[in-house]
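Q: One structure, pasted below without further comment.
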Amino acid sequence: GTNAAMRKAFNYQDTAKNGKKCSGCAQFVPGASPTAAGGCKVIPGDNQIAPGGYCDAFIVKK
C-alpha cells in the first residue's frame, strides 16, 4: 500500500531529482530486486516507493 499523507508531506515523486534518488538514500528500504518497489523509513506503511523516486527527506547513503 501507499501512505499518501506522508508522501505529500515530503513531496514524494516517482522520478529522480538532480541525480538524487531513493536507491541512493539512507532512508530507503530496498525491495526484492534493485528495480522493485521498496519501503522508506520516513514514510511508514508504504511499500510502493520507487528506487528511482525522490522526496524532501533524501539523505545520501554513506
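In case you wondered, yes, glycine gets a Cβ from its N, Cα and C as well.
So Swiss-Prot has the following annotated:
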BINDING   CYS22, CYS25, CYS40, CYS55  [4Fe-4S] cluster binding site
Q: Report the member of CYS22, CYS25, CYS40, CYS55 (the binding-site residues) whose C-beta atom has the most other C-beta atoms within 10 angstroms.
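A: Highest number of other Cβ atoms within 10 Å: CYS22.
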Q: What other residues of the same chain, not counting CYS22, CYS25, CYS40, CYS55, have a CB atom within 8 A of the CB centroid of the [4Fe-4S] cluster site?
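A: Neighbours found: TYR12, LYS21, GLN27, PHE28, VAL42, ILE43, ILE49, GLY53, TYR54, ALA57, PHE58.
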Q: Does DSSP give CYS55 ([4Fe-4S] cluster binding site) helix, strand or coil?
A: coil
Q: So, three-state DSSP: helix, strand or coil for CYS40 ([4Fe-4S] cluster binding site)?
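A: In three-state terms, CYS40 ([4Fe-4S] cluster binding site) counts as strand.
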